[in-house]
Amino acid sequence: MVAITHTPKLKHLDKLLAHCHRRRYTAKSTIIYAGDRCETLFFIIKGSVTILIEDDDGREMIIGYLNSGDFFGELGLFEKEGSEQERSAWVRAKVECEVAEISYAKFRELSQQDSEILYTLGSQMADRLRKTTRKVGDLAFLDVTGRVARTLLDLCQQPDAMTHPDGMQIKITRQEIGRIVGCSREMVGRVLKSLEEQGLVHVKGKTMVVFGTR
C-alpha cells in the first residue's frame, strides 16, 4: 500500500545541484500545498517526505513516501508551459529534510544537455505509477486486514525500518496506518490485535516488529 521507489539515482548529481536552490525543512512542515502553482521541481537530498491528498472535510489519505534521491512535484513539467494545472497533492517533510528546488524551465534546459537526468525522473515516475496501480487494486480487492498487512510489509522496506532478531522493526501510529489504507484508527487497532494473536507481529505503542521479514 505504501509507494516505495527503487529506481535509478542520478550519476551526476553535482551537475543538477549546481543549478538548484537548497532548502531545509523541519519534520512535519509542508513543502507543497495542494492548489499551488506548478513551476518548480524538487529533489530530496536528505530525508524523506509524505505525499498525501485531502478531501473537502479535511480527511487525509497518504499516497506514499519518498526518500533521498527521489524527485517530486514533476507533473507540471510535462504540461504545456503556461498551462500547468495546480498541485494535486500535499507534500510534507516526514523527518528533517534537505531539498533541492529547480524551475521547470531550467530543468528542461539541463535535460536537453544530459538526457540521463530526464531518464532518471521518468524511471521514478513509472515506478510510482506501478505502485499507485497496485494501491488502487488493493483498495478494491483486499479487505482491511489484507491492506494493513501489505502496508506493514511495505514499511519494512523503508530506509527508517530497523533490523530485529525476529524480523524488521518499524515505528508508525495507528492513525497513520489508517490514513494509508483508508480506515479508522480503531479498525487498525483491531487488525493489529488480530495479527498479533496470529503471531505475525508484536506491537507496543507505535513500535511494531513484523516477524519473518528481512
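Glycine is treated like the rest: Cβ placed from N, Cα and C.
Listed as Cβ neighbours of the DNA-binding region (174-193) (distance under 8 Å, sequence separation of 6 or more from its ends, same chain) are residues 1-2, 52, 60-62, 139, 144-145, 147-149, 151-152, 201, 203, 206, 208. According to Swiss-Prot, the DNA-binding region annotation covers 174-193.
What Swiss-Prot lists as 3',5'-cyclic AMP binding site is R59, E60, G73, E74, L75, R87, S88, T132, T133, R179, R185. Around the Cβ of S88 (3',5'-cyclic AMP binding site), the same chain contributes A34, I53, L75, each under 8 angstroms and 6 or more positions distant in sequence.
The domain 'HTH crp-type' annotation in Swiss-Prot covers 142-214.
Counted over all residue pairs in R59, E60, G73, E74, L75, R87, S88, T132, T133, R179, R185, the record's binders of 3',5'-cyclic AMP, the longest Cα to Cα distance measures 32 angstrom. The C-beta environment of R185 (3',5'-cyclic AMP binding site), restricted to residues of the same chain at least 6 apart in sequence and closer than 8 Å, consists of T173, R174, Q175, G178. Note: the DNA-binding region (174-193) comprises 17 helix, 0 strand, 3 coil (DSSP; helix = H, G, I, strand = E, B). Of all Cβ atoms in the protein chains displayed, 15 besides its own lie within 10 Å of the Cβ of L75 (3',5'-cyclic AMP binding site).
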